[in-house]
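First comes the structure, then the notes that go with it.
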Amino acid sequence: MSKRDYYEVLGVARGASDEELKKAYRRCAMKHHPDRNPGDAAAEAAFKECKEAYEVLSDGNKRRAYDAHGHAAFEHGMGGGGGPGGPDMGDIFGDIFGNIFGGGAAGPRAARRGADVGYVLELDLEEAVAGIERRIEIPTLVECAPCHGSGSEDGKVETCGTCHGRGQVRIQRGIFAMQQSCPHCDGRGTLIQNPCKTCHGAGRVEEDKVLSIKVPAGVDTGDRIRLAGEGEAGPAGTPPGDLYVEVRVREHAIFQRDGDDLHCEVPIRISQAALGDTVRVATLGGEAEIRIPAETQTGKLFRLRGKGVRSVRSRSEGDLYCRVVVETPVNLTADQRELLQQFEATFTGEDARKHSPKSATFIDGVKGFWDRMTS
């Protein structure tokens, strides 16, 4: 039986471009694929015909030989680089189904890489605010030095006969085909006959890796620093993973952080609160002063602009908020106690209301409450 013209099989003109040939082959292969036509001998024959036509026309040398001599180019040892043997169906159908489901085709072991590694870096607030360079040590998998990651003692590897070097095999599920890691070579695509004595064929060994990390100024808890290629070494010489360093800032004895702002409490004496005063407060950049006006109450906030944290993103500076707390005196001397008693004696009648309005309001509220309860 004479063969059909390859261009006719694919439904393209003789001057068709490589892209037109590929699209035509996709249509033909999808239409006649055995998975879509189970038990249909005619469809299976048409599928093989499409495959053979594309294998010839997609190869520049074979196409030129075919254009010059037709099917005779591949008979009786004539030129053209050998007869049609079939394209890599994994690549073709990776393209087809990748386009359908939104993914791209993956070449042999293209998706394999080393695992990413996580590390928690604890910093003091001062270190996080100023930035720091820190050396860390992480246990991870690194490339085996004696075999350079190949896993082979003599550097020789063989292509896996099961997956033909792809690292994946196709599994049929009804009319659908799935890909999974090749069980024969464990997804490597190669087989090692003489395993490396150091890594036992794995191509990787466990090691404590020492790295120097530059932490930028202004980082906060939860920020992550990515170090590309510093994760686990990839299997069989594939690319390494990444290292993700997560920052965790320790609690501070004085300051509490809220984004780029800092908060602290400033205790003051009763006399300072009543009469007013100037007090010195700590900041991350040194000391500063805040002026306490007379009659200041507990909870009043004083804002020191630019005394917070310089943002790691915008480089603007946050503020420092100082909350004053009026401290009740303790361990009083006899003289101090007597003075306070004399002072308290002045709070009588309307003077008490005038000098302690909140206390008077509270007492009035309590009295009104009990009056309503007992009436």
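All residue numbers here begin at 1 and follow the chain in the order shown.
Note: Cβ is positioned from N, Cα and C throughout, glycine not excepted.
Residue density at Cys147 (Zn(2+) 1 binding site): 25 other Cβ atoms are found within 10 A of its Cβ, drawing on all protein chains shown. The DSSP secondary structure for Cys147 (Zn(2+) 1 binding site) is coil. Feature annotation from Swiss-Prot assigns Zn(2+) 1 binding site to Cys144, Cys147, Cys196, Cys199; the stated evidence is sequence analysis.
The Zn(2+) 2 binding site annotation in Swiss-Prot covers Cys160, Cys163, Cys182, Cys185, and the record cites sequence analysis as its basis. Close to Cys163 (Zn(2+) 2 binding site) in the fold, though at least 6 residues off in sequence, lie Val169, Cys182, His184, Cys185, Gly189, each with a CB less than 8 Å from its CB. Cys163 (Zn(2+) 2 binding site) falls within neither a helix nor a strand when secondary structure is assigned with DSSP, and so counts as coil.
Panel annotation: around the repeat 'CXXCXGXG motif' (144-151), residues 157, 188, 192, 195-199, 201-205, 233-234, 236-237 of the same chain, lying at least six beyond its termini, place a Cβ under 8 Å from a Cβ of the stretch. The repeat 'CXXCXGXG motif' annotation in Swiss-Prot covers 144-151 (among others).
Mean model confidence of the repeat 'CXXCXGXG motif' (160-167) amounts to 84 (pLDDT, 0 to 100 scale). What Swiss-Prot records for 160-167 (among others) is repeat 'CXXCXGXG motif'.
Per Swiss-Prot, the feature repeat 'CXXCXGXG motif' maps to 182-189 (among others).
Non-local neighbours of the repeat 'CXXCXGXG motif' (196-203) in the same chain are 143-147, 149-153, 233, 235-237; each lies 6+ residues outside the stretch with a CB under 8 Å from one of its CB atoms. The annotation repeat 'CXXCXGXG motif' is assigned in Swiss-Prot to 196-203 (among others).
Residues annotated as zinc finger in Swiss-Prot, with sequence analysis given as evidence: 131-208. Broken down by DSSP into helix, strand and coil, the zinc finger (131-208) contains 0 helix, 35 strand, 43 coil.
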Integer Cα-Cα distance in angstrom, Cys196 (Zn(2+) 1 binding site) to Cys160 (Zn(2+) 2 binding site): 18
For Cys160 (Zn(2+) 2 binding site), nearby residues of its own chain (Cβ under 8 Å, 6 or more apart in sequence): Gly167, Cys182, His184, Cys185, Arg188, Gly189, Thr190, Leu191
Zn(2+) 1 site shell beyond Cys144, Cys147, Cys196, Cys199, criterion: Cβ within 8 Å of Cβ centroid: Ala145, Pro146, His148, Gly149, Ser150, Gly151, Ser152, Glu153, Pro195, Lys197, Thr198, His200, Gly201, Ala202, Gly203, Arg204, Val205
Cβ contacts of Cys144 (Zn(2+) 1 binding site) (under 8 Å, same chain, 6 or more positions away): Gly151, Cys196, Thr198, Cys199, Ala202, Gly203, Arg204, Val205
8 Å Cβ shell about Cys160, Cys163, Cys182, Cys185 centroid, Zn(2+) 2 site members excluded: Gly161, Thr162, His164, Gly165, Arg166, Gly167, Gln168, Val169, Pro183, His184, Asp186, Gly187, Arg188, Gly189, Thr190, Leu191
